[in-house]
Amino acid sequence: MAENTMWHETLHDQFGQYFAVDNVLYHEKTDHQDLIIFENAAFGRVMALDGVVQTTERDEFIYHEMMTHVPLLAHGHAKHVLIIGGGDGAMLREVTRHKNVETITMVEIDAGVVSFCRQYLPNHNAGSYDDPRFTLVIDDGVNFVNQTHQTFDVIISDCTDPIGPGESLFTSAFYEGCKRCLNPGGIFVAQNGVCFLQQDEAIDSHRKLSHYFSDVGFYQAAIPTYYGGIMTFAWATDNDALRHLSSEIIQARFHAAGLKCRYYNPAIHAAAFALPQYLHDALSAQ
């Protein structure tokens with residue numbers, strides 16, 4: 001792709017978004033997908049896979065803080081964390097901020113994503129790949145969760161949309177495998193698209209996850225890069241109390257962890273589980 005052109009996202013047929021390409025840093029096909037990293041004056045460095053924006057330097061902190069701190073602080077004493085996907089390293093960066101976590105395993109199907117993001121998105125990983133608690137596994141996420149002998153307290157599915165390599169991370173086989181290697185009282189979370197435009201994804205995930213977990217729901221965050229409204233995150237656990245912890249408990253855990261965030265705070269944590277009525281109605285109609 002030439003510089004000083006417009007890059008158009010291809011996720012939706014009838015509408016979408018575009019970014020001015022000021023400088024192409026990398027554009028190649030990896031073993032699994034088309035990967036481009038370019039610079040944009042408004043959003044900094046932008047990474048897209050197969051024509052869909054995955055992350056930008058300007059607003060990635062919202063996504064990664066919410067995917068990480070909500071489940072980890074709700075759990076309260078997570079020692080072992082599994083990240084599925086997350087090759088840009090930002091999810092890992094946020095998990096490493098929790099000093100009580102003892103092991104962090106990241107399973108990424110595409111070694112190319114990890115390699116090129118380390119080089120071209122250094123602010124995302126911020127050196128977290130060198131954390132001694134971290135182990136990288138290059139494997140398919142479904143295969144890993146169904147074969148591993150490890151167990152985890154929190155599983156974060158930092159998946160792409162349910163197309164291409166990411167499609168398998170929205171299947172019953174994946175959810176069943178996650179339940180299999182999740183410790184009692186553990187929490188599973190996953191990105192679940194922009195529910196106003198991708199409502200069927202949320203409905204499908206809710207239906208499938210409900211076969212394996214007693215408490216299934218969603219929480220949300222407004223992330224400008226993800227076109228169409230508020231990003232939805234799936235939540236699943238067998239500890240029904242964790243989604244309804246008091247603000248005092250979350251506040252105490254937040255301060256004990258010593259976190260300083262740019263988006264997440266205990267009030268946001270509680271508010272994130274308030275869902276729009278159209279999503280309640282859609283889930284009730286299943």
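For all residues, glycine too, the Cβ spot is worked out from N, Cα and C.
Now, the feature entries from Swiss-Prot:
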type	residues	note
DOMAIN	5-238	domain 'PABS'
BINDING	Gln33, Glu108, Asp140, Gly141, Pro165	S-methyl-5'-thioadenosine binding site
BINDING	His64, Asp88, Asp158, Cys159, Thr160, Asp161	spermidine binding site
ACT_SITE	Asp158	active site, proton acceptor
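Feature annotations (Swiss-Prot) mapped to structure.
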| residue | record | DSSP class |
| --- | --- | --- |
| Gln33 | S-methyl-5'-thioadenosine binding site | coil |
| His64 | spermidine binding site | helix |
| Asp88 | spermidine binding site | coil |
| Glu108 | S-methyl-5'-thioadenosine binding site | strand |
| Asp140 | S-methyl-5'-thioadenosine binding site | coil |
| Asp158 | spermidine binding site | strand |
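For the domain 'PABS' (5-238), the model's pLDDT averages out at 94. The separation of Cys159 (spermidine binding site) from Gln33 (S-methyl-5'-thioadenosine binding site), Cα to Cα, is 14 Å. For the binding-site residues listed here (Glu108, Asp140), the lowest count of other CB atoms within 10 A around the CB belongs to Asp140. Its Cβ placed at the centre, Cys159 (spermidine binding site) has 20 other Cβ atoms within 10 Å. Taking only the Cα positions, the spacing between His64 (spermidine binding site) and Glu108 (S-methyl-5'-thioadenosine binding site) is 16 angstrom. Cα of Asp140 (S-methyl-5'-thioadenosine binding site) to Cα of Thr160 (spermidine binding site): a distance of 13 Å.
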